[in-house]
Amino acid sequence: MKLYTHKINRIVDGYLDNLNKFGLNYMFEQDLIKITLDLGIPNNNIKFYNLNNSNSNSNNNNNNNNNNNNNNNNNNNNNNNNNNNNSNNSNNINNKNDILYNIIIEEKIDLIIFYKSIFSENANNISKTFNNLTTIIINDNIISNTNNNNNNNNKFYEINYPFKISTLLSGYISGLISETNIIGYLKTNKIQDQTLLDTFYFGARLSNPMVKLMFYTIDYDFKNASNNNFPFQEIIELSVSSLLKNGVDLISSSFENNEYLTFCNILLKQNIKIIGSNGFLISPPLNKDHVLFNSVYNLTLYILPIISNLINNTNTNNNNNTNNNESTNSQFNINLIFNPSISNLIINNINSNLSMIENQILNDTNIILTNQLNNESIIDLGIISGYILFKPISKTIEYGITIVSSILIGALIIIQICIIKYKNKPSFKSASPTFLIFIVIGGIFVYIGVIIWVSGVNVFTCNAKFWLISLGLTTMIGGIVVKNFRIWLIFDNPKLYHIKITNLQLLPWVLGMFLLNVFLLSLITGLGKLTPFKVFPNDEKFSSYEIQCEMMDGGLIALYFLLGYFAIIVMIGIFVSWKIRIVDIEEFNESKSVAYSLYSIVFCLLIIAPLTISKTGHNTEILCSGFIFIVAAIITIMFIPKFWALKIYGAEGSNEIFRQSSSSTSKRKNKSSTTNDPTNLDSISKKSSKNAPKRVNLFLYDFTDDDEESKQSSSSSKGDTIECMDVFTFIESVQPNSEAANEMTYNDDPTYTEPSEQPTYTESSEQPNPTPRTLTATPRTNDLTTPRTNDLTTPRTNDLITPRTNDLSTPRTNDLNTPRTDGILTPRSINSLATPRVEEPMSPRQYHNMMITLSPILEEENIVVVEKDEVIENSDSESESSDSNSDSIIQ
């Protein structure tokens, strides 16, 4: 006797901890081999075949039987009869060209078993074609029996498998064990799976009326895998993860065979217990550790009488069996195997209610369908299709971001050229051209990173975008902070200390920021292991997905440190911008520009930081747009004012110091000749009108790239300061009756008049300020050198024209080289006041600039002078007080 069995899929070895073959098919194979051996049928007479394969699967044995037992004599007679009948129908078989028919003829099959109800039509046709062939079909359709009522062959058998009992038991036990009172279920889109879902939930409600059910429907094409763009394993992982997020602690399914194996494997990875059902045989090691219970059915107990009758050549009428309802537990010998973690109280509860559960199954009207329940008790989470729509970045957005970034890169290159061209102009030199170049280079890095970001998702782009954007922002922010930190140190200097900070001294700070950023990015790359992964904008529906970069937990920690690092740099920059608000020179005061730039960065970082960590959809477009805005805002805020100032003020700048600085080179060349020639009134006038205070000289030579240039600029600036002081010394040391004093009068000036023997004074109101002053007989009013009296009309006596005494080392003469004569030591006479002092007339603009430039430095000294003047007016020693006042002004 030869048996032929049909099944859909075979089970492979090696699943789940050296798990043996399991599943309904394999269980039936083992049981069938066992009972046939007991009946004396050799194993090589049993053949298992997969209908989905074109060739027979010789999983077990060859078809040739060389050694027949004595018990097979009757079988041989039956085989001969079958062969005769089959030969009579050979013409009909050849016309059908059915591989099943060929196998039956070639292998001389006596009995064929179909495992699935979907092949009921094949079983019915074969039974009608081969009248002497015993045909058995196991009906796994829990809705109804197979439509084989018109089959008159008395060797056709139908066995109804009790799926409902197993499913109801799974639901009953799940309701007892669940701690959250929320259970999950996964089913396919088959009609019978909906019935299994109803049965599962009905069993759970029998044991726990408060339980809730959440389920997904998996719409997967198992026959044509090419119709699916998503692997079945990933779909199960998505659905299981979503159920766990909703508070589910137990999950069951209607999957079978390989699909059930995949489902169990995923549950084990999530550390979720497996609910065995549907007769799956699981090895004891797995059962003890991971499976809550098994319900195993021995189908061969019902098949055994059929095979025995076939061996004994006894025909049994199966009409009563064909239309039978599902067999009960006693007929299939159900065995429940529980996990040791389940308490004895639950086990006793199940065993005591097992008969009640069977009676509920036999009466289908007691089962409540899911569509009859309210939404509070059962929740349909939707359908997960095997073909999930992939939504990449829109081509319009990709092209738009790429084009905009490319245009901005071109604009930055043009700005870079302008910086190099106009680096010596006040608007750019005052802003440190070296660091302006760093800012522009950083912006180019960011835009290149944005272009790579939207070009696609792979391992390279996931890492490159982090490196380029992060290093670009560090270079930009570092350049802004460091260059303004120097301005703060120079201008926030009340005591006017000499501070020299060159670009070479600042570059290590920018380099340090850059290297620290490289270190953090290395940690992100090494620990994060950025790889592409699929993101679902709608976590519950899973209708579409995007591909983004996934980062491991170690990389996320380094990313948090990187974001904190940027926050610290930005806060320092905001503080520095607040400190340099005191600078009253437009080219140096970038407080508003820096503040606005950093505020825009803070605003965008508050949006970018959460999106960088999250896995939501469409964050690529938001992040790229944010980075484009940050760089564009910084470049616009920092450079538009500089180009505007270049257009308005040109090469001279907005302040007198830049005009002085531009002409200081030519003045230094003629320094020796002009300072040694007191008769050169023009050079003396220019020196005396120099409006550069010490505060200006502190930063005129500080914005250089090397120490040598800084030293040269420093010495020249100091020379200018000494040069200005020499003018004061020369004017104050000229004697009233000397030739030098007489030469200082403007003889060619038509407004000049010779003084009389006695000076004639006019009221201060007759010569309004700032009328050009001349040292005629008319005294000066409201000036630091004008003789003061109580009513401001009486001329000051013994004023600054009184010669200095022995406190000066060498007395000056007309040419400033001859020692002073003895006449210097004689006291001043009244007539000496008649000799006028002459200064070069000053225009209102020059006088205004001089007063504004000197006022920050001399403000405190003027107060001291006024106080001293009041004391001098009541003092008897007017000569000594005048010398003290002149010395304080010169200092």
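Glycine is treated like the rest: Cβ placed from N, Cα and C.
According to Swiss-Prot, the protein has these features:
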- 52-91: region 'Disordered' (REGION)
- Asn52: N-linked glycosylation site (CARBOHYD)
- Asn85: N-linked glycosylation site (CARBOHYD)
- Asn88: N-linked glycosylation site (CARBOHYD)
- Asn132: N-linked glycosylation site (CARBOHYD)
- Asn224: N-linked glycosylation site (CARBOHYD)
- Asn298: N-linked glycosylation site (CARBOHYD)
- Asn312: N-linked glycosylation site (CARBOHYD)
- Asn320: N-linked glycosylation site (CARBOHYD)
- Asn325: N-linked glycosylation site (CARBOHYD)
- Asn353: N-linked glycosylation site (CARBOHYD)
- Asn363: N-linked glycosylation site (CARBOHYD)
- Asn375: N-linked glycosylation site (CARBOHYD)
- 400-420: transmembrane segment (TRANSMEM)
- 434-454: transmembrane segment (TRANSMEM)
- 462-482: transmembrane segment (TRANSMEM)
- 506-526: transmembrane segment (TRANSMEM)
- 556-576: transmembrane segment (TRANSMEM)
- 593-613: transmembrane segment (TRANSMEM)
- 626-646: transmembrane segment (TRANSMEM)
- 660-689: region 'Disordered' (REGION)
- 742-827: region 'Disordered' (REGION)
- 742-767: compositional bias 'Polar residues' (COMPBIAS)
- 772-782: compositional bias 'Low complexity' (COMPBIAS)
- 783-820: compositional bias 'Polar residues' (COMPBIAS)
- 869-891: region 'Disordered' (REGION)
- 882-891: compositional bias 'Low complexity' (COMPBIAS)
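On the backbone, the CA of Asn312 (N-linked glycosylation site) and the CA of Asn132 (N-linked glycosylation site) stand 14 Å apart.
Note on the transmembrane segment (434-454): residues 393, 397-398, 401-402, 405-406, 408-409, 412-413, 415-416, 419-420, 428, 461, 464-469, 471-480, 482-483, 503, 506-507, 510, 620, 623-624, 627-628, 630-631, 634-635, 638-639, 705 of its chain, located 6 or more positions outside it, place their CB under 8 angstroms from a CB of the stretch. The highest tally of CB pairs under 8 A with the transmembrane segment (506-526), across 400-420, 556-576, 626-646, is held by 556-576.
Distance from the CA of Asn132 (N-linked glycosylation site) to the CA of Asn224 (N-linked glycosylation site) is 36 Å. Sequence-distant neighbours of Asn353 (N-linked glycosylation site): residues of the same chain at least 6 apart with a C-beta under 8 Å from its C-beta are Tyr172, Leu206. Beyond its flanks by at least six residues, the transmembrane segment (462-482) meets 435-436, 438-439, 441-450, 452-453, 506, 509-510, 513-514, 517-518, 520-521, 524-525, 530-532, 549, 562, 566, 569-570, 572-573, 576, 594, 597-598, 601, 627, 630-631, 634, 638 of its own chain at Cβ-Cβ distances under 8 Å. Neighbour counts of Cβ atoms within 10 Å were compared across the glycosylation sites Asn132, Asn224, Asn312; the minimum falls on Asn224.
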